[in-house]
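**Student:** Provided herewith is a single structure, encoded as structure tokens, for subsequent inquiry.
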């Protein structure tokens, strides 16, 4: 419960309850219950015992409720009532007080009723039910009550001339209503003002009386007595026998004539014409408006008072027929779709005649929906697409790409296309499945039937680039081994060398080159001994020195170098101990042999042998007797042969895998029953269907020779020739059925076509597509629509008013005078056959008139024949043609009939001129490509086509044709088809042209990671919308930089053996002393087989360069001789001075007696970045996205390099970091995407639109195209021209147009009821300006509907009233005012728009003003009115008054509209006391002020005492040539400068007098300053005019001016 109910039990205790809880219950509906807490509370708020409260007044704590369930949402809903009238907030709050000032509108509130109801019968329900699902809608809203708008009228027109030329008359001036009074505003003031005038006394008697005719009375039948007498006379005449007409031929002729006459008579049941008569009164009117006796106006000719007429009869119609069938015969699932239409008709029983009411519409329609149970749903349409085509990369290639000529192997990003077509796609009518077979039921329909966005017709795709196989370098040749060590036969074997796959290619390792090469060899062995090391040399006989032996330590290894059991090498002799020598103190000492160098050749032939070299050097010479001599220099090196196998290398070579064919040996269980089930519903038939096999050719090849017998190659590494495969499913071609035949739109070809669309192309041996996809046939002959026309029959004789009615009329004659004649009208087909009159009402032009006025000539009347036809023209343009008529009977002898001005007997007119002038019109159209008019109108055609976009086209300029009267005519009159055609060129786009990529530069570092660069440069900029260039640098180049890494062991230093000692201090006796050794050090390219060729020294690390020279002491005899120092061992990390590194040597020759060997160990502390280094990994930046060489865009790879860096920032070999097992947490490769350069894709041009103007000079036809897919990447941008236009053929604009109304005509009298007329003419114009045109023959408008400004009611005459002299009357309606918005501009409120017109009163006699009718106005709503504001304006004061007026914001002066509060005062009498002083006036604030140019001198009481003139200081502007300061009568300083006429510039007013009339202090200060300035000016004039003294000659020479030299520092200011 949202509100607490408090029941006061005592003065201090009351019972309180909480809100109602949730409605609970097991069933939905009214059976629920809810509870709440009830307690006893003190008035101060604290809770007390229940017993303190009155139990009889305790509120209930439980009640029944409606338990709401989810399904109640379908049963209940909020019912919203209409908003009530807007009530003012002040009226609600303050009991009806309204604010005095209303600005735009008054704030109000309007309410409505909102309740929860049951949907079925709208019975009320509990609001809680609806609130369970939706919050309760608001019950109040703010509104605005518009302020009252007073009537606003325009300014008065100038006074009219006096209504009389003599005597006393009236002048009138009128105004019109601009805004009607709205929302209770004040009524309109008088629209007319009168002013008496006296041009002068009349010389004779004034015309006092005038004949006035009244309006014609309604048409009535003659009285019945003469009718009966006429019938009796007619009956008597018919009873008489007519003798003498008994001949059959004569009777037949008479019968035919009677039949023809009966047809011509008005006996149709659709017209009931009865001729009657009507009369009018003729009276005599006095000038004061009163009616006097007719005798006062006689003798004058009285006008006709009786005339024939047709009795008015209204149109009579049948009842409405039943409603016809609904034009929509199906149920549309979309509720917002358009509904159908049904119609019903009624027939005309009798047309209106005379002034009777016209027939209303004979057909009416209403929207409808089909009814009934068996109504099918309407067909809906949706877009369908074909399969995506194969992915193509060539469409992304630029114009300059050389791969356009050879497109094989292209990969990466591409484009694939598909067709879009429209199909019928009802879920209720058709069931479409996802698989392709069911698309066969989708018949294409016209694309216009499909709404919504068109599916994409192209999309980006990706062709995976094949990964090329990358292999490692060849390894070293292995030992000569048997092909199969398990079967060791013969004495022939192979030496093998291998390489590994470093990057596996697409398709598996089968696409890699051969990985094993073999060389035949002799004496193969599967196992061999491998020397590990030699033990220390031990002299024989346990002597300290001398010859000895070294025991070799060996291992048994197989052909791959792996250690095996020594028993396998039992068949080969183990290496014997090697003889060695331990030098004695006086012996020559030699160093150990170096390692064997790499083999100089990889194989041997008759001319090439592989060699290996090793050397040793002399460490100490022998001395004295008994010492071992040093060998000669040739014994210091040894050479041996290597790689003695012949240079005949063999390997297995594989061919490509063949196609997958069916494997006959495969089990039937591995096959499937059909291609559909194997592919599955979502694989588009691409899945495998059965087991197959592929084969390839494997041959043995000798390098550089060719194929050899297979036995030349070892069998073990032979690749396989067969592998299993899965055969893809067959895909049949799938096409849609043919669309329906197109409409015969092409008039020239007169062909119809239909088309079908390929949904799936065949593949893998499937059924081929049909050859015919489009069919064409001749259009069927169009059916001729039946045409209808009105046929008018002969006019019947002219019927007069019965004589007994008009016999009293003066001048009437029995057998002549004005009458009326009628004729019959029937409906005919174009072939003349009789037709139902309803068809003519629908399809024919306006029905011709069935009656017309006629005149039976009297004896005194002039009778003439009809006009003859015009004579033939003798010459165009210069000749004339005539027509004639003759006087008939007695008229030939009457003088009045011989007056050719009154009764002309001939007419002459110029012959029609057929001279025409053609001239071009307007601008040239857009350039339209030849063949560009192709428009895909067939269903199922491409929405986006590959249309020609450039080349030669044509542009068009309209031709206009005029006749000799400069009237627009059809262009065919000028022998023109309406256009000038001119060839034009649409330039083709040219893409940005760049050079090819340069070669990659060398890696910037020879060791570790660096970068390599390649570039392109600009050859030609794009133009005409070609592909833009990538971002170029300042020299128009684009670069690509990628990281690279150089193997630190790629280049190595190679040192030759040390030379012999060059002893500088030779002791010949001892052959020892200080000496120098040298050697050559070269940088060489390192390969798997060792250093191979010399390169530039800068490629090797200079820090690692071995010494080329060393100085030392050559040991003397009996000195200890040490070996070369070993390499320093590595410092332990982290580097610290507490750690050290060492190197060692060993004694080769022991010292003699009394001598010792030096230390064999050297140590040095570990110093950071000197001999000890820390190592860490360094990661480079990511490279740009790298694509395959055959790719344009798409998926690529970004790479980065890992570098091992020393703590001194030097890059070193990665092995140093690997040995330390440093953490490698970086990803070296990531995938990336290079955006594809997709050109902008446009749709086909649409069909040409209808002409923007059906006629005239400005007609244009447009066609457009849309952007199907915008450009991406560096693709060609979309062209700016998405629309094209060309001129329409110029056609004359024909229309029916009224002439202006004639003046009101009252025959033979001065005033009264009359008629005015206007004509309906055919007018031709060029459509450029509304209302203009030239009159032409009516036949040219024959094809138009008879309507003026879409108004089918043609009115050519209307009654009018010609006021009698002295009569007061209403003027004609004014024009409709401009559309005005009823708004409040500041408040932003609009209450709609309105326009108004009014009729003012015009008076002629002063005494008749009181008899004038009331003025009138009328309004109508309009749209897009303009919002105006109104404000008070006032002129400058003229004495004690001024003029005030109200002005609209568009500058129009009006009466009304301005706020009535505090308008500007226009008099000088509102000040208290009044302003009596001269030159003073009263301001709007009620204060006396002086006029402009005068200042106020106030009295001690604060009242104005007098007005004193003040000087002004004018500051001239650019347009003011007055620069002097003068005192004059000043402009009023209180007025703004904008309303001071004749003033330019600013004006400063100096007021020298204070309020007390005395001079102010600043006046004295100005006077003193002026005196000082005057004295200063006089002094300067004296000094300037004083004659200077002449200087002496000598002094003048000494004081010559020296030239001044200025140094120019390049500053522009110099």
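Note that Cβ sites are derived from N, Cα and C of the backbone, with glycine treated the same way.
Nobody curates TrEMBL annotations by hand; they come from automatic prediction.
The signal peptide annotation in TrEMBL covers 1-21. Summarising the annotation, TrEMBL assigns domain 'Spondin-like TSP1' to 151-202, 315-370, 588-647, 992-1033, 1240-1293. The annotation region 'Disordered' is assigned in TrEMBL to 227-249, 333-367, 663-689. The annotation compositional bias 'Basic and acidic residues' is assigned in TrEMBL to 236-249. The compositional bias 'Acidic residues' annotation in TrEMBL covers 355-367. For 667-689, the entry in TrEMBL reads compositional bias 'Polar residues'. Here TrEMBL flags 1473-1512 as domain 'Thrombospondin type-1'. Summarising the annotation, TrEMBL assigns transmembrane segment to 1561-1585.
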**Student:** Among 151-202, 315-370, 992-1033, 1473-1512, which stretch has the highest count of C-beta pairs below 8 Å with the domain 'Spondin-like TSP1' (1240-1293)?
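**Tutor:** Ranking 151-202, 315-370, 992-1033, 1473-1512 by Cβ pairs under 8 Å to the domain 'Spondin-like TSP1' (1240-1293) puts 992-1033 first.
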**Student:** So, by DSSP, how many helix, strand and coil residues make up the domain 'Spondin-like TSP1' (1240-1293)?
**Tutor:** 0 helix, 19 strand, 35 coil
**Student:** Mind checking which residues of the chain, 6+ beyond the ends of the domain 'Spondin-like TSP1' (992-1033), have their Cβ under 8 Å from one of its Cβ atoms?
**Tutor:** 398-400, 402, 950, 1039-1048, 1050-1051, 1098-1101, 1178, 1180, 1201-1205, 1211-1213, 1237, 1239, 1274-1277, 1279
**Student:** DSSP helix, strand and coil counts for the domain 'Spondin-like TSP1' (992-1033)?
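**Tutor:** Looking at the domain 'Spondin-like TSP1' (992-1033) with DSSP, the answer is 0 helix, 16 strand, 26 coil.
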**Student:** Looking only at the domain 'Thrombospondin type-1' (1473-1512), how are its residues distributed among DSSP helix, strand and coil?
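**Tutor:** Summed over the domain 'Thrombospondin type-1' (1473-1512), the classes give 0 helix, 18 strand, 22 coil.
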**Student:** What are the helix, strand and coil residue counts for the domain 'Spondin-like TSP1' (151-202) according to DSSP?
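**Tutor:** Residue counts for the domain 'Spondin-like TSP1' (151-202) by secondary structure: 0 helix, 23 strand, 29 coil.
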